[in-house]
């Protein structure tokens, strides 16, 4: 079953409304906002890596506010315990039973601030919940519900006392992107409204969780032509052949790319994916999934360079398959 | 790739090495090289082989390298000139003077002097030598010099800093055009491929002009509007046409008008160009009432009148013929073996004549005055004895004196501009001892019989049997045989018409010495006698002249041909006609052609007809004949008959290139139409959408729009580069049909094509007419596209280790494209 034109158009309109709403808080970062929303509607999680003060937390809070749901912020520190995130089972003396006290992870949108400052043990506590949407404590699984989005942030420059996220953990994030500094116009507007202490508070909920779930379902129905599927597969194979690449794109990465491309296409009002969707999303989807060798750092080759070469190396399809 | 960071933190890139040419320099170097090659090819008809072109192109390359390197090093242009001059002399010997043995890599003073001499005076040698000249000879210095000049001038002017954009564009093209003009001037009157060469040169020059004009315009003004560029282009074309039209009338005119330096440089004298006077002997014979259609017979006309104190039986010499080529006995420029004054040379009013010098006791000079009569014409100047001086007494005496040439060895004089009845001249002469006596000993000089005259060996052997071994005795014996056995006939009588004129191998062999009856007149007898003497080993030559009668008036009937034999003392002794020619007429019967004598090698008859008996011709005669031929050819051209001559020139030299250009443009249009048809009628419906989009992209490319190209560029990315209101929507529609969930319908494809066609028309209407026409014939879309990303960063990948800002730039450009894409997106 394929999404209809009308449904695609409704999807686009709603998506644009969400974007416009979030832009009240995040000025001049429409593309990043759209990426975050795409992640939400693709039932994935996003990792924001940027310098301090660029609006990572603001973006996360704006996203949380725009959805009628709960949200929580967890400031990751080295002494943060897994139970501080997932929750803990305590004994209720009055009732004489063990009772589960859910942690901050049990919210619609969870902001994991500076996730790389927590210990690997705590970071790993997020693995299950990010992948399966549930937490198992003392042998009992607790679902976090839908929609569920983890927005993690990390600072790329302050590396002392941090724990680099393991590849398995990184792979759980659907996208990794950065907010970047605002342009001059946005900066001026920001400064003109310096009296507004919390811009995220300007964002009012405009969509329900049920609608989010409905949009996710529609995105899954977007048609992907075999030619585009082949293009993604070719990108994956080529990523493993690229010089300086130690670990190429995994099948999970390919699935992630197709999944977000579907949502991206629907957000554009289309019932089908085009190669441009794949190219647009290649960098945020692949950047944290490609592992470069040590020589790459000495050669000055970063992952963005590799992705750019990858896109230059694989020709996107221009026609349907089998014609 | 190297990079550095400025104080502002901006990372910039520089070329790997400053001495390497950049893109613009490569273009200028390429055009200079090719245009120089075309210009040098104009010398193709002047040189044998292609060595001249190799040497010339080597000069071009060296000059280009030197000019570029000096400029890259920041040196003034004069340094390039100096270096080129040094290289010219250093390499000139090994490259151009190898035939003279000057091939040493370290040239000595002699070699340098020869190179300089050829560079200064070689052009005249080239122009005064009958082309083609030896392609391995010292004249190679000329293409070597021309190549260096072309490279130096072309690239030097291309690098010249000129404030006016149009001048910067035109200057190097003008320089190369001058190089071509120089090559044409040094060329021949009838080049092999003038049309092709001109067309190629014009095409390349215009292309270079256009490229440089565009570059100069962009550099000076940062790009101008199409209107300004169009006006500029038209102005340049008008300028080029204004120069080319009058120049073509001169440089590429017809044979008469075509301007080559040969027209103004006096060529070397070639006596061989004038027909042998002996071949026209029959104009001196008695016609016996035979109608003289050519009105050339001068039997009873006065040829000349001799005045002077001359002894009896003095012989006046018309011409001496010392070389037999199988066809005729003719005068040559190399009468004697080894170095000698035996060529036709200009002489002053007094002649230091070694043949008979009064200072050596050869007798006192006698003044003789000759007045040419009504029967005389041609270039040969009758003289007597050995000249000591010459004075023309006609109105154009000075002009005649300037061209007058005299061969000391053969005592033969010519006036190349021709002589007319009434011409009068005086000269001092000494009569050398030319009497042949029985005691005269023949010269021991080795004589060589031409291969074609080997037929004479058999008769000679036979006729000199029993004459002993003394060469002179054998010569006289053969002469006696001819005189006693032969008969005389001018071939005039009714029954004597079979005795044709001429003295070719066929006439002398089959129809004379090997015929049942030896029949002929002075022409055949003298020619045969000279061949026999040479065969025996006594150098001999034929002389046409007359014995001066007592009255001093020489008529055609007095003319005879005799033989001169070279004696052992180096003098030439006269073997009079009576000694070898019979005056007995032949019997009144038709002789039968006999088989050649055994042992005689008879070469096949020469297919060339015998020379006309119209007599010798002057330059004026030759020109007149040539002009009449051209007039006849012009009359044959009925299509342009009655039109002005310039119409023919234009049709011939401009119409051809225009037709060629029209064909090329037509081919481009046809190719594009075929491509469009193929795309529109593709088997797959989705392929028709793809083809329609490509048609739009190609149209944008032809219009000069910066459309991203390459296998990794999508339609949406291309639409960003297309200046069109609907390009984004059309790209989106194409993607929708191609990658959509349902297969596209044929009707949708047709509708899409209509939309694309409409958009193409709209795009064309946005530009001017000239731009539209240029786009229609543009070759841009026929060339394979290159990756736009690689175009943006040509050095990408050269040094993977260098940190680059490329990913950030790539991301930024992609985001910009996306933003632009969204801003132009319109609902379907």
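Cβ coordinates are placed from backbone N, Cα and C, and glycine is handled just like the others.
TrEMBL annotations: computationally assigned, not manually curated.
For the domain 'Protein-glutamine gamma-glutamyltransferase TgpA N-terminal' (B:33-432), the model gives a mean pLDDT of 79. According to TrEMBL, the domain 'Protein-glutamine gamma-glutamyltransferase TgpA N-terminal' annotation covers B:33-432.
Beyond the ends of the transmembrane segment (B:50-70), by six or more residues, the same chain brings 19, 21, 25, 29, 32-33, 36-37, 40-41, 43-44, 76-77, 79-80, 83-84, 87-88, 91, 95-96, 135-136, 140, 143-152, 154-156, 159 to within a C-beta distance below 8 angstroms of the stretch. What TrEMBL lists as transmembrane segment is B:50-70 (among others).
Sequence-distant contacts of the transmembrane segment (B:77-100) (same chain, at least 6 residues past either end, Cβ-Cβ under 8 Å): 55, 58-59, 62-63, 66-67, 70-71, 107, 111-112, 114-116, 118-119, 134, 136-138, 140-141, 144-145, 148, 152, 156, 159-160. Positions annotated as transmembrane segment by TrEMBL: B:77-100 (among others).
Taking Cβ pairs closer than 8 Å, the transmembrane segment (B:139-158) reaches residues 28-29, 31-33, 35-36, 39-40, 43, 47, 51-53, 55-64, 66-68, 77, 80-81, 84, 87-88, 91-92, 95-97, 115, 118-119, 122-123, 125-126, 129, 133, 171-172, 174-176, 178-179, 182-183, 186, 212 in its own chain, all 6 or more past its ends. Taken from TrEMBL, the feature transmembrane segment covers B:139-158 (among others).
Positions annotated as transmembrane segment by TrEMBL: B:165-188 (among others).
As annotated by TrEMBL, transmembrane segment applies to B:194-211 (among others).
Marked as transmembrane segment by TrEMBL: B:231-252 (among others).
The feature domain 'Transglutaminase-like' is assigned by TrEMBL to B:468-573.
The region 'Disordered' annotation in TrEMBL covers B:583-634 (among others).
The annotation compositional bias 'Pro residues' is assigned in TrEMBL to B:602-612.
Look at TrEMBL and you will find B:646-671 (among others) tagged as transmembrane segment.
According to TrEMBL, the feature region 'Disordered' maps to B:781-828 (among others).
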